[in-house]
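**Q** According to Swiss-Prot, the feature N-acetylmethionine maps to M1. Residues or ranges marked as O-linked glycosylation site in Swiss-Prot: S57, S208. Summarising the annotation, Swiss-Prot assigns phosphoserine to S61, S67, S161. For Y149, the entry in Swiss-Prot reads phosphotyrosine, with the evidence type similarity to another entry. The feature N6-acetyllysine is assigned by Swiss-Prot to K203, with similarity to another entry given as support.
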Amino acid sequence: MLSTAAYRDPDRELVMGPQGSAGPVQMRFSPYAFNGGTVLAIAGEDFSIVASDTRLSEGFSIHTRDSPKCYKLTDKTVIGCSGFHGDCLTLTKIIEARLKMYKHSNNKAMTTGAIAAMLSTILYSRRFFPYYVYNIIEGLDEEGKGAVYSFDPVGSYQRDSFKAGGSASAMLQPLLDNQVGFKNMQNVEHVPLTLDRAMRLVKDVFISAAERDVYTGDALRICIVTKEGIREETVPLRKD
């Protein structure tokens, strides 16, 4: 028979008195939930890719198998969000509203770099009650080159060539470091990354992640940003 003595429910905590005696059981509400999922972005010379799985889960329950974590912001910019799904939806709605206001005021779309700076201020304004979201913005910059911006929950951000975030990021980031960044490798020719090779790499790493991470799976949604616009591609992943 399995023992439940070591199990601890974070929302139902036993409070001890001053002499170590057991006090009343208190119910504590947590405003956050972790809904899993993984996002990944790669920037090339004239393209950028952001990809995510479509599984939305909590603990050992799957809420839906069709919940992509990539959101189109402009014709040249896409954001990938993972973490607490409620915060993902709220944050993307705020960004979309700000982009509409900017377009009406300036008669042009906001650039990818400006969107990244705007998101940084939005996240910093909520630093005392932050959004439980890992954000990656990818798109094309003013020169038409691929750009990837990664953020922490309170607004610090930097531009990268590739980045992974979410539940399987610990597995994906070393693969990107090796295959895209050629880090810690000797006597290796640094070949420029092509769109075809980047697509194959994204599919391979997500298939591998779905084998090991219970929060990643069902399907892979890929958004490819080029000067022609944004196109999407869907690849099935394992569903167990």
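Glycine is treated like the rest: Cβ placed from N, Cα and C.
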**Q** Could you check which of the modified residues S67, Y149, K203 is the closest Cα neighbour of S57 (O-linked glycosylation site)?
**A** S67
**Q** Only counting partners 6 or more residues apart, tell me which same-chain residues put their Cβ under 8 Å from the Cβ of S67 (phosphoserine).
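**A** In sequence order, G37, T54, R55, L56, H85 meet the Cβ cut-off.
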**Q** Please determine which of the recorded positions listed here (S57, S61, S161, S208) has the lowest count of neighbouring CB atoms within 10 Å.
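**A** Minimum Cβ neighbour count within 10 Å, taken over the recorded positions S57, S61, S161, S208, occurs at S61.
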**Q** Over all shown protein chains, what is the count of other CB atoms within 10 A of the CB belonging to K203 (N6-acetyllysine)?
**A** 16
**Q** Could you list the residues of the same chain, at least six apart in sequence, whose Cβ is under 8 A from the Cβ of Y149 (phosphotyrosine)?
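**A** Once residues fewer than 6 apart are set aside, Y149 (phosphotyrosine) is near T112, G113, A116, I136, I137, E138, Y157, Q158, R159, D160.
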**Q** Looking only at C-alpha atoms, tell me how far S61 (phosphoserine) is from S208 (O-linked glycosylation site), rounded to the nearest Å.
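**A** The Cα atom of S61 (phosphoserine) is 21 Å away from the Cα atom of S208 (O-linked glycosylation site).
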**Q** Please report the distance from the Cα of K203 (N6-acetyllysine) to the Cα of S161 (phosphoserine), rounded to the nearest angstrom.
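**A** Cα to Cα, K203 (N6-acetyllysine) and S161 (phosphoserine) are separated by 18 Å.
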